[in-house]
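K.L.:
In case it's useful when we look at the structure, here is the feature table from TrEMBL:
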- 23-125: domain 'SRCR' (DOMAIN)
- Cys92-Cys102: disulfide bond (DISULFID)
- 128-227: domain 'SRCR' (DOMAIN)
- Cys196-Cys206: disulfide bond (DISULFID)
- 232-325: domain 'SRCR' (DOMAIN)
- Cys298-Cys308: disulfide bond (DISULFID)
- 328-427: domain 'SRCR' (DOMAIN)
- Cys396-Cys406: disulfide bond (DISULFID)
- 430-529: domain 'SRCR' (DOMAIN)
- Cys498-Cys508: disulfide bond (DISULFID)
- 531-624: domain 'SRCR' (DOMAIN)
- Cys597-Cys607: disulfide bond (DISULFID)
Amino acid sequence: METDLLESPLRTLPSTKTEMAGVRLVDGDGHCSGMPQVLYEGNWSIVDSVLFDYRNAMVVCRELNCGNAVNVTFRENVRKEDINDTFLSITCEGKESAFSQCKQRDQDPLDRINNIIHSTDAICSDSVRLVDGAGLCSGRLEVKSHQSWTSVCETGFDQQDAEVVCRELGCGTPLTLQGALFGEGKHPFGTKDFQCKGTENRLLTCSTSEREEHTCALGKAVGLTCSEPDDVKLVGGSSRCAGTVKVFHTGEWRSVTAVQWSIKEAAVVCRQLDCGSAVVASRRSSSGPSPWSVQIECEGSESALRECRSYYNQHDWYRAEVICSDSVRLVDGAGLCSGRVEVKPHQSWTSVCETGFDQQDAEVVCRELGCGSPLTLQGALFGEGKHPFGTKEFQCRGTEDHLLKCSTSEREEHTCALGKAVGLTCSDSVRLVDGDGLCSGRLEVKTHQSWTSVCETGFDQQDAEVVCRELGCGTPLTLQGALFGEGKHPFGTKDFQCNGTENRLLNCSTSDREEQNCTRGKAVGLTCQYVKLVDGSSRCAGTVMLYDKKWRTVEGNAWSMKDAAVVCRQLDCGSAVAVTSQYLEMATYEDNVQIFCSGSESGLKECAFYDVPWSLSSAGVICSGQQEATTAAVQKEK
């Protein structure tokens, strides 16, 4: 029972109303560094180190007017019988203006650990801070002189000055230095210009020169982004972007326990290491417990792991592991499997131009990120981003494991217009593999970050309808076991019980299925139909309709035999005999799509297609399947 309490104190220990009246840092170099103590019921009390992390330190530094939290270091063990103070466990969210607004936790489980108390030292930046940024290492620069905070003018603030600030805040090197990036702030501009050599440890130890008041225009407040500190690394993997997680915590490298470890925490690790997106968050058993490993809980949006909740864990039998995508990521989307495509070919991220990026390229990106099939591919869906366009166009076959392994061709610079940065959404939990296209194959479902096959037994038409809908693939056409092989993944232990109206398979009800009762040859094979021909003499002739969240008309202008050939092939209707274009009495202003195929694709979703604001004609096709049937009927009459 003691172990359980230690493994997840934030989830198991009750919180109580805090009756704290103040906070201080003692036994440090000044009032902005030292061991935290809180004034609790009239006495100064020690704060427990197990739950004291950067979030707590941020609040302490803020309340003491001491700038940003720079470091949290481990203090030597103190036996409880050697002190008279009350011992408190406090947890903060990091946004509180005072330590008294944080939560006090029940400390009883810690009393049972050899009657030993663990405390920490918090170090604040004192006279420098970055505010209104995305994390501890970015924001508008403010400097405290004579106990008052001032903004810093961009004029005269250079790279050497920025290097000193980043170093003083415990961050990495300067990445971006620009005025007004993070607003103007409420504080006046200081009257000093800094003239650092770049080697100083504190900004206020740099030389300065006087600057006339009122000479800094609006929009000139220094905005600075530093790289994150080198306090996280992945070891034992195939590259620096994969392996077991290690964090430099309270003065030494420590293991991260896999208790509560998830894709959210992995995403922060990959972001901090500039390693793209998180693909896998896993755990590995260790040969024995590692004393004082670190347990971490993130929301997933943090810039660095130190901004997450962290605390000690005495019993670490499992190590946290991460695999990052390294060179590809989706950013500014709703989740890990949607966003603007960015690629890192030479240590610098670039945006990807929509022109020339097709369905096969999208398949590779989705696969590399551990997602399902591509659902939506369109420029400007997720904004333009801050990175320039790359000069390569990808020419993937669709079977590669990594985008950078695909063939490429040169693209002239400055040929990608605004609004053309590729936006991509992949399915995050369902995919069809080893089929003829995106909408056919062996069904695989991802639960708990692992892909599993689905047993044919118990998987019915309603379940298939949900899968086809989720993948943007229309309606089920064929459902049969072993159509596309067995695959390498084990069968899941759930049977799905969909009513057919759900938007996602994992939203359906499920029931447990006994393990090992699915025999070989029973892996669900599914083909969805997202193209159909309507208003013709048979299923192999008529007006083309494409399913993309709903059934849409295909624009007849520029419709060619190459496009028609793909439709006939996809519908198993032989070859294209003729294309038709039906002119409309009046223009339609919605639900239209224009398609351009090379003619070799197995399905229309592999072609380039674009929304069109209005249309005067609809595309149609006559396939040889229809022609052969008509000829046979005429000969029979004779």
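In case you wondered, yes, glycine gets a Cβ from its N, Cα and C as well.
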K.L.:
Write down the Cα-Cα distance for Cys92 (disulfide bond) and Cys308 (disulfide bond), rounded and given in Å.
P.N.:
11
K.L.:
Find the one among the disulfide-bonded residues Cys92, Cys102, Cys508, Cys597 whose C-alpha lies closest to that of Cys206 (disulfide bond).
P.N.:
Cys92
K.L.:
Over the domain 'SRCR' (232-325), what is the model's mean pLDDT?
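P.N.:
Here the mean pLDDT over the domain 'SRCR' (232-325) amounts to 84.
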K.L.:
May I ask which of the disulfide-bonded residues Cys92, Cys196, Cys508, Cys597 is closest to Cys396 (disulfide bond) if we compare their C-alpha atoms?
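P.N.:
Smallest Cα separation from Cys396 (disulfide bond) among Cys92, Cys196, Cys508, Cys597: Cys597.
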K.L.:
With an 8 Å cut-off on Cβ-Cβ distance and a minimum sequence separation of at least 6, pull the same-chain contacts of Cys406 (disulfide bond), or say none.
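P.N.:
Result: Asp361, Val364, Phe394, Gln395, Cys396, Arg397, Glu400.
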K.L.:
How many helix, strand and coil residues does the domain 'SRCR' (128-227) contain under DSSP?
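P.N.:
The composition, in the requested order, is 13 helix, 39 strand, 48 coil.
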K.L.:
Out of the disulfide-bonded residues Cys196, Cys298, Cys498, Cys508, Cys597, give me the one sitting nearest to Cys92 (disulfide bond) by CA distance.
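P.N.:
For Cys92 (disulfide bond), the spatially nearest of the disulfide-bonded residues is Cys298.
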K.L.:
Give the number of CB atoms, excluding that of Cys206 (disulfide bond) itself, located within 10 Å of its CB.
P.N.:
19
K.L.:
Could you check what DSSP calls Cys92 (disulfide bond) once collapsed to helix, strand or coil?
P.N.:
coil
K.L.:
Around the C-beta of Cys597 (disulfide bond), how many further C-beta atoms are within 10 angstroms, looking at every protein chain?
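P.N.:
Looking across every protein chain shown, the total is 21.
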K.L.:
Could you check which of the disulfide-bonded residues (Cys196, Cys298, Cys597) sits closest to Cys508 (disulfide bond), going Cα to Cα?
P.N.:
Cys298
K.L.:
By DSSP, how many residues in the domain 'SRCR' (328-427) are helix, how many strand, and how many coil?
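P.N.:
Its residues fall into 13 helix, 34 strand, 53 coil.
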K.L.:
Would you mind reading off the Cα separation of Cys298 (disulfide bond) from Cys498 (disulfide bond), to the nearest angstrom?
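P.N.:
One finds 33 Å between the Cα atoms of these residues.
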K.L.:
Using DSSP, tally how many residues of the domain 'SRCR' (531-624) sit in helix, strand and coil.
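P.N.:
Summed by class, the stretch gives 14 helix, 47 strand, 33 coil.
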K.L.:
I'd like the number of other C-beta atoms within 10 A of the C-beta of Cys196 (disulfide bond), please.
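P.N.:
For Cys196 (disulfide bond), the 10 Å Cβ neighbour count is 21.
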K.L.:
Near Cys607 (disulfide bond), which residues of its chain come within a Cβ-Cβ distance under 8 Å, counting only those 6 or more away in sequence?
P.N.:
Asp358, Gln359, Asp563, Val566, Ile595, Phe596, Cys597, Ser598, Glu601
